[in-house]
Amino acid sequence: ELGKQSFCDLKVVNNTENHVAFKVKTTSPKKYFVRPNTSVLQPGDSCLIRVTLQAQREYPPDMQCKDKFLLQSTIVPPNTDVDDLPADTFNKESSKDIREFKLKVQYISPSAQGNSGDEGSSDSNSTLQQLKEDRDAAVRQTLHLQQELDLLKRRRQRRNDPGFSFKFAAIVGVIGIIVG
């Protein structure tokens, strides 16, 4: 919508056995905020990237957009911090194996989102709706897992609590009876 920021969330998953660094580049860096635009993922880990389109003053001609994003990734040594990545980490001319994934930007007008008569926007709307439902399910699952983790932490703290145990109280009671 004109005058409003728009955003899209991307999920990057490291499905390898290695630590992987990634970087997101765009052809229009002044139009988009990408956070985080660089990070390091442990094996099996994932990261949610938010791409925010700055508020636009006018619609592009025919709602066409030539903006693109490039997601680059490469294997890094274990325990590498994002701040410790060398400047040439994503340089293609280095001897590193750099994987690339290109994403094209596609605008959907607010009027097309509500118009189910247009077959293309209907497909986009159903895909968008499915992605939103998937995201909501993932958020619910994350909250559920966080609650389970908190419960397990509380149970472990209770087990490791240095307070008096029942056995200790019974032994002190028996000794008290014998001595008394």
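Glycine is no exception: its Cβ is also placed from the backbone N, Cα and C atoms.
Residues annotated as domain 'MSP' in TrEMBL: 1-108. For the domain 'MSP' (1-108), the model's average pLDDT works out to 91.
Residues or ranges marked as region 'Disordered' by TrEMBL: 111-133.
TrEMBL lists 114-126 with the feature compositional bias 'Low complexity'.
The annotation transmembrane segment is assigned in TrEMBL to 163-179.
With DSSP classes pooled into helix, strand and coil, the tally for the domain 'MSP' (1-108) is 6 helix, 47 strand, 55 coil.
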